[in-house]
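Peer 1: Okay, here's the structure, questions in a sec.
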Amino acid sequence: MGSKFGTGSLNIVMTLLLCLILLLSMAPKLKAELTTVEHPPNSDGSISFLVVGDWGRRGLYNQSQVALQMGRIGEKLDIDFVVSTGDNIYDSGMKSIDDPAFQLSFSNIYTSPSLQKPWYLVLGNHDYRGDVEAQLSPMLRSMDSRWICMRSFIVNTEIAELFFVDTTPFVDDYFLSPKGQTYDWGGVSPRESYIQTVLTDLEMGLRESRANWKIVVGHHTIKSASIHGNTKELESLLLPILALQENSRIVTEKSVTNPSEYVNYDGFPTETAV
């Protein structure tokens with residue numbers, strides 16, 4: 001049985017193709033949705049910063065002594081900002097915006113002149129045991145202008161981009177075996193959708209970045225010899241994204257890591273970082 005395909009049919013097909021091409025060209029191009037904070041580099045293009053984690057202890061457990069040394073090193077290095085990898089307020093985050101723990105664990109502790117710079121903070125699991133929105137609230141900046149805390153975001157310094165990742169919702173045990181602890185998952189549910197959004201935004205942000213260095217900051221270690229060991233959820237979900245990036249480093253509460261150190265046995269190329 002034959003079929004006819006005349007000039008009229010061809011014109012219709014061509015018209016439909018042109019319409020499809022036009023629609024595709026008008027469609028918005030996907031870009032990373034992570035909020036970006038611009039932090040200009042020094043006049044010579046450099047940046048200098050300190051990293052601290054697991055610190056919010058109202059001055060106890062050597063926090064005050066460490067803060068004093070941070071101030072001295074910060075002055076010597078003339079730092080531009082401080083990075084926090086989370087567990088900003090022990091033992092169970094903040095109870096509310098008015099919680100005195102903010103002053104007692106932060107403002108009243110890090111008083112050295114060299115530490116009066118922006119603090120870029122990500123959340124840890126202990127922060128999730130309190131009122132998460134209190135720590136994220138812009139109102140805290142009116143109390144102490146240094147405080148810049150979000151779930152996941154980017155700090156762009158031109159020479160380097162720092163990608164802050166909210167790692168706590170990745171960890172299954174906090175949901176399945178909380179060991180009597182209560183976590184504030186408001187803003188995270190549905191969990192699977194939240195995690196996928198974080199991963200997608202991070203991957204797109206890393207791909208779009210033109211910075212010489214891409215530094216990923218999170219609370220939980222991907223691989224560690226410490227008592228906590230590896231975080232299997234980050235091994236399977238986050239590491240494959242990081243291992244494909246050039247000039248990248250991973251900064252967590254316990255370590256600064258080159259992702260290429262881990263990739264041979266997973267089949268990733270070893271030349272992912274310098």
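Numbers here mean position along the shown chain, with the first residue as 1.
Yeah, the Cβs are placed from backbone N, Cα and C, and that goes for glycine too.
Predicted, not measured: the structure shown is a model, and the values here were computed from it.
TrEMBL feature annotations, pasted as is:
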type: SIGNAL; residues: 1-32; note: signal peptide
type: DOMAIN; residues: 48-238; note: domain 'Calcineurin-like phosphoesterase'
type: BINDING; residues: ASP54, ASP87, TYR90; note: Fe cation 1 binding site
type: BINDING; residues: ASP87, ASN125, HIS219; note: Fe cation 2 binding site
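Provide an account of the burial state, proximal residues and distances for the features listed.
Peer 2: A sphere of 10 angstroms centred on the C-beta of TYR90 (Fe cation 1 binding site) encloses 21 other C-beta atoms.
Counting every protein chain shown, the number of other Cβ atoms lying within 10 Å of the Cβ of ASN125 (Fe cation 2 binding site) is 20.
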Peer 1: Looking only at the domain 'Calcineurin-like phosphoesterase' (48-238), report the model's average pLDDT.
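Peer 2: Mean per-residue confidence for the domain 'Calcineurin-like phosphoesterase' (48-238): 97 out of 100.
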Peer 1: Specify all same-chain residues, apart from the site residues ASP54, ASP87, TYR90, whose Cβ lies within 8 angstroms of the center of the Cβ atoms of the Fe cation 1 site, ordered by sequence.
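Peer 2: Counting only non-site residues, the set is GLY53, TRP55, GLY56, ARG57, GLY86, ASN88, ILE89, ASP91, GLY124, HIS126.
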Peer 1: Take the Cβ of HIS219 (Fe cation 2 binding site) and count every other Cβ within 10 Å, whichever protein chain it belongs to.
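Peer 2: Excluding its own Cβ, HIS219 (Fe cation 2 binding site) sees 29 Cβ atoms within 10 Å.
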Peer 1: Within 10 Å of its Cβ, which one of these binding-site residues (ASP54, ASP87) has the largest number of other Cβ atoms?
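Peer 2: Top count of Cβ atoms within 10 Å goes to ASP87.
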Peer 1: Rounded to the nearest Å, what's the C-alpha distance separating TYR90 (Fe cation 1 binding site) and ASN125 (Fe cation 2 binding site)? Just drop the number here, would you?
Peer 2: 10
Peer 1: Please report how many Å separate the Cα atom of ASP54 (Fe cation 1 binding site) from that of HIS219 (Fe cation 2 binding site), as a whole number.
Peer 2: 9
